[in-house]
C-alpha cells in the first residue's frame, strides 16, 4: 500500500471508530495554568477556554500548570503554527524539576510551507533522555484542533494523537532502565526559536517576515493524581481506568499501523548512533 493510500485508509478508519465527543473536558486556563514567560505574547481568551502562544524576533512564550501530577491521563487540543513555520518548535510536555528530572515530551518541529510537521517524542528519566521517536502526522495539524494525550502509570507511558496510540514506553526497571514513577511533574508548553536544529538539522532558519507565529490551545483535561497515595487509592477504583490502563489488541493494531506508515525515526534502530550497543530497553522491546 502506497503512502497516499495509507493516509486515506487511516483517515477513513479514524472517522469510522473514533468519536471525538468521547473526550470529556473540564479545565480552565485561568484556574489551572500560569503564563510563565513571554509577557503579552501569551493570551487567554473566552473566559479561560482558549489560550494562544506567540513567537516574534524578540521572544517566545510559555505556560505551565499550577499543580504537579504523578500518573494519570492528560489531554490537550492544539492547533499549530500555520504557513512557513520553519525553525519554530511548539513543545507540550510533562516535567519534574532538578538535574535528575523526569520528562515526557511532545515537540512539534515546524517546516517550510507545504512540508509536513515532524512530531518529536522523547522520555527523560533521572535527567537522561536520548529516547527519541519521530513521526509525520496523517493530517494537517494547522487546519484544525487535534487532541494530543499522555497516559502515564507505573507500568507504561503511552503517547496518543486523536486517541490513536503512537508510542508506548514500558517500565523496564527489571532491566536496569529507570522509569519516571517517583517525581511529580508539571504540564508545560512553549513556542520558541529552535532554528539551530529544528528544521533539517538547522539548515532552514526562521523567516521573521512571517512573525508573529502563533499556536492555539483548548479543551484540556486532567484525570491525574498528585501523590503516590492518591494514585494507590484511584488505582483500585473503576472510576480511574488510566491508573491500570494497558493497550488492548485493537490498540496494539493501531500502534503498529501508525509506526509502520508514519514513524520516520526510532532511536532503537539507530545502530550508528549506538555503536556499543542499543539501550537495554530496545533489546527487550520496552520502548
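Just so it is clear, glycine is given a Cβ too, placed from its N, Cα and C backbone atoms.
In TrEMBL this protein carries:
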type: SIGNAL; residues: 1-26; note: signal peptide
type: DOMAIN; residues: 23-217; note: domain 'GH16'
type: ACT_SITE; residues: 103; note: active site, nucleophile
type: ACT_SITE; residues: 107; note: active site, proton donor
type: CARBOHYD; residues: 111; note: N-linked glycosylation site
Averaged over the domain 'GH16' (23-217), what pLDDT does the prediction give?
95
What is the separation, in Å, between the Cα atoms of the residue listed as 'active site, nucleophile' and the residue listed as 'N-linked glycosylation site'?
25
Around the Cβ of the residue listed as 'N-linked glycosylation site', how many other Cβ atoms lie within 10 Å? Please give the count over every shown protein chain.
19
Number of Cβ atoms other than its own within 10 Å, given for the residue listed as 'active site, nucleophile':
19
